[in-house]
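Read through the structure below, which is laid out as structure tokens, and then see the notes.
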Amino acid sequence: MKRNSQVQTVQRINADVAHGLTAQQVKQRIAEKKTNKTKKVVGKSYLSIFATNIFTFFNLLGFIIFVLMLICRSVTNMMFIVIILANTVIGIFQEIRSKLAVEKLSIVSEPTATVVRDGKQQSIATRDIVLDDVIVYSAGKQICTDSVVLQGEVEVNESMLTGESDSVKKKAGDVLFSGSYIVAGNCVARCDKVGKENYIEQLSARVKKAKTPNSQLIKGIKTIIKFISVIIFPLGIATFFCSSQIRGLLGDNVNLWLNYVVKPQPDIVDTVNEAIKAMSGSMIGMVPSGMVLLTSVALAVAALKLARKKVLVRELPCIEMLARVDTLCLDKTGTITDGTMTVEDVVCFGKHTREQVSQIVASVVSATGDDNMTAQALKAFTADIATIPAVAHIPFSSQRKYSAATLQGKGTFAIGAAEFMFEKTDAQFDETCKKLLQQGLRVLAVGYSSEEIADGSVKGLKPLALVVLQDTLRSNAREIIGWFRDNNVDVKIISGDNPLSVSVIAQKVGVKNADRYISLDGMTDEEVAEAATQYTVFGRVTPEQKSVLVKAMKKAGRTVAMVGDGVNDILAMRESDCAISVGCGTDAAKTVANLVLMDNQFSSMPRVVAEGRQVVNNIQNSSSLFLMKTSMTILTTVLCLILQRTYPFEPQHLYAMEFFVIGISSFLLALKPNRNLIKGHFIANTLKSTLPSGIAMFLSVAMTYAFMNVLGIADNAEQISTVAMFSMTVTGVLALWILLFPYDLINLGIGILGTVGTVGCYLVFPWALGLIASWTGGEEPTPMFVSIDGNAILFIALNALVMAALIVCGKLIMHTIEKRKLSKTLKEA
């Protein structure tokens, strides 16, 4: 008998606006699983961390080669698996460690909502909202659930859902969609949907791919891996079949499968094993196994260090993007100034007294319910003044640039930017404004109109007074701005305030070219875009114009970071290469941000940029170490295929190079402070450093084949391998020293450790590997090297010195080419 499934209907609760849900009703909703919880993970999940570190292409390749070495019973050639396992374990450990720190910080930054329960307002995490909760929304708050407005009027930006930046008015009975945010006004709404039922969640399910920072680092590494993955198997298989011993067997029509697997013949088994070792040596040499790990670990460690400094990193690649930033866009509020301000004076025009104007200001602020920093300063100034009841009001918005209220029996009054309020002003008013602005003061106009508010605006406003406010400069603002100037980052000030006032403040803290200012009031998008690269201070900017400015700067080839804390910054933040907010910013701004400064300290910014520069610069340097071995192996493999000779190296021949010249050196390089400005593209920069070293190492091997007859080793494969190995390794050590130039204590330490470690490896490894082989019952280890005469030793030394000279010449040539390109670009500019 078939069982009929019935959809369980949840009984809705029409809670009173003033009382909200009861504690019992909340418990009932939780039991019904009607909460706003969703399965959102901060960063990677633990499963993803394990999967991405374990199931990689290079790990799979290493495992296959490890199995082949097991079949060959060649214990000495299995030691490479230690490097792979160490890479995997370290990668998992560091990513989990970083994740725990970021999760801990994320809890602090978790968005909250104000709900009414049991007649009291309380702040709760948005995930704890239940169906039918009564929620209080104000300007700057992000809508956390699909809700229905019960009381009040608001202006909502739905650009994150629709792509349209124009604000939409919502009144009682209208729906507020999750993912949108309040631009102006206050309202009370009832939660209509929760969790996955919300519109934003359904939209996210359909559009899986979110915008992520455009990381050159990750893209470059993926490109390198793709290239290696395409060539490694064909070259490896060709190396096996082109081995001189295998060609001999195939020439004798020997059935390798029959005589190696089905009916093993000792001589044939030994021959095939030698070919497998050569193939494995070639394939292992092509793998830059630690490069991917080093990138992941470096970014994870950077995120961990920043988390300890109260900087929340939402996406690891944004550390790189901020490091590449050459243009930083700021609003003066909260960055140059600390966001607080005080009323310094009230300048009256006409018959109204200072006391009357103060009462009007108090009444308008009370009626609109605005709670931004300006409103807070006005409230503090008029705290003890009785207010006049309002019959209608308009809350402040960044588009309007003013707020207004019709006061009972008094008329309509507005407070805001004079340019947006008055059609005409007299000379006395204009001159007073100009003098105040030239002092870096903030000026709010108070206007009067006999007309009532209509269609969200007021007509016929006349100047009544000026309220003069003083911003509080941050004590360390000059130092921070100076750091960015000294580190070749252009600072642009984008503000809704008067550009003259902002320019004066910017000059006080040392913003370069701060005297180049402009008002964007009334400009078209084309005019705004043209002004983007010509000016430093932009005033009277609307949210849409902020976005146009960022787009224009990016189009001009700049890498742009946008710092914002309010709803008026969101459009520009979404367009920027790296969006930054602060812990006290609006929920909407923090949601869009890639980085959040949880301690609200703009002074953290230089540390974040420096951390990113260290990661990118050091990964570029370290990657060149990994890739010089890869390029050498690829070229040597191709040479052996052309000459139809057996590849000279087994995995054990590369241990010294892998462990000390590359592995430990690259790890230590990644930890070294490096605040140099990042220039150029990751792949191009890496190849410039890699190719001279990789080609020189290849040539050191090629020269061994070229002089093998002179050295008298042409008929001795083991001696050829020994001379080639030492030539290649010594060249690699010299390449490391060249990379480390200029030398400081850290670089000297890395170079000495790499050199001593390499020498020690050749002294200790043969003995240690022989001991391991005897313990495990494996084959007697193939010697890492054999005895060679004095001529061969002299050849190795001269060969390596010549190759070192070639590396230096190659780097000088590339540096000269780059310098000429830069000079040409500057001349054209």
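Along the chain as shown, the residues are counted starting at 1.
Yeah, the Cβs are placed from backbone N, Cα and C, and that goes for glycine too.
Residues or ranges marked as domain 'Cation-transporting P-type ATPase N-terminal' by TrEMBL: 8-61. In terms of DSSP helix, strand and coil, the domain 'Cation-transporting P-type ATPase N-terminal' (8-61) has 23 helix, 2 strand, 29 coil.
Per TrEMBL, transmembrane segment is recorded for 46-71 (among others).
Taken from TrEMBL, the feature transmembrane segment covers 77-96 (among others).
As annotated by TrEMBL, domain 'P-type ATPase A' applies to 109-207. The DSSP breakdown of the domain 'P-type ATPase A' (109-207) into helical (H, G, I), extended (E, B) and coil residues amounts to 18 helix, 47 strand, 34 coil.
The annotation transmembrane segment is assigned in TrEMBL to 224-246 (among others). Sequence-distant contacts of the transmembrane segment (224-246), counting only residues of its own chain at least 6 positions beyond either end whose CB sits under 8 Å from a CB of the stretch, comprise 57-58, 61, 256, 271-272, 274-276, 278-279, 282-283, 286-288, 291-292, 627, 630, 634, 637-638, 640-641, 644-647, 683.
Residues annotated as transmembrane segment in TrEMBL: 283-304 (among others). Here the transmembrane segment (283-304) has Cβ contacts under 8 Å with residues 53, 56, 58, 61-62, 65, 80, 83-84, 87-88, 90-91, 94-95, 97-98, 101-102, 217-218, 221, 224-225, 228, 231-232, 235-236, 239, 313, 316-317, 319-320, 611-612, 614-615, 618-619, 622-623, 626-627, 629-630, 632-634, 636-637, 649, 651, 654, 662-663, 666-667, 670 of the same chain, all six or more residues outside its ends.
The transmembrane segment annotation in TrEMBL covers 626-647 (among others).
Taken from TrEMBL, the feature transmembrane segment covers 653-671 (among others).
The feature transmembrane segment is assigned by TrEMBL to 691-714 (among others). Sequence-distant contacts of the transmembrane segment (691-714) (same chain, six or more residues past either end, CB-CB distance under 8 Å): 624, 627-632, 635-636, 639, 643, 645, 648, 720, 723-724, 727-728, 730-732, 735, 738-739, 788-789, 791-792, 795, 799-800, 803-804, 806-807, 809-811, 814.
Per TrEMBL, the feature transmembrane segment maps to 720-741 (among others). Counting same-chain residues at least six beyond the ends of the transmembrane segment (720-741), those with a Cβ under 8 angstroms from any Cβ of the stretch are 621, 624-625, 628-629, 632, 648-649, 653, 656-657, 661-662, 665, 689, 693, 696-697, 700-701, 703-705, 708, 711, 713-714, 747-748, 750-751, 754-755, 758, 784-786, 788, 792, 795-797, 799-801, 803-804, 807-808, 811.
Feature annotation from TrEMBL assigns transmembrane segment to 748-772 (among others).
The transmembrane segment annotation in TrEMBL covers 792-814 (among others). When Cβ-Cβ distances below 8 Å are used as the criterion, the transmembrane segment (792-814) is approached by residues 688-689, 691-693, 695-697, 699-700, 703-704, 707, 711, 713, 719, 722-723, 726-727, 730-731, 734-735, 738 of the same chain, each at least six residues removed from its ends.
Under 8 Å from some Cβ of the transmembrane segment (626-647) lie the Cβ atoms of residues 224, 228, 231, 235, 238-239, 242-245, 247, 274-275, 278-279, 281-282, 285-291, 294, 654, 657-658, 662, 666, 686-687, 690-691, 693-695, 697-698, 701-702, 705, 717, 728, 732, 735, all in the same chain and six or more residues away from its ends. Residues 44, 46, 49-50, 53-54, 58-59, 62, 65-66, 69-70, 277, 280-281, 284, 289-290, 293, 296-297, 300-301, 304, 650-652, 654-655, 658-659, 663, 769, 782 of the same chain sit 6 or more residues outside the transmembrane segment (77-96) yet have a Cβ under 8 Å from a Cβ within it.
Panel annotation: around the transmembrane segment (46-71), residues 77-78, 80-81, 84, 88, 91-92, 95-96, 99, 225, 229, 232, 276-277, 280, 283-284, 287-289, 292-293, 296, 651 of the same chain, lying at least six beyond its termini, place a Cβ under 8 Å from a Cβ of the stretch.
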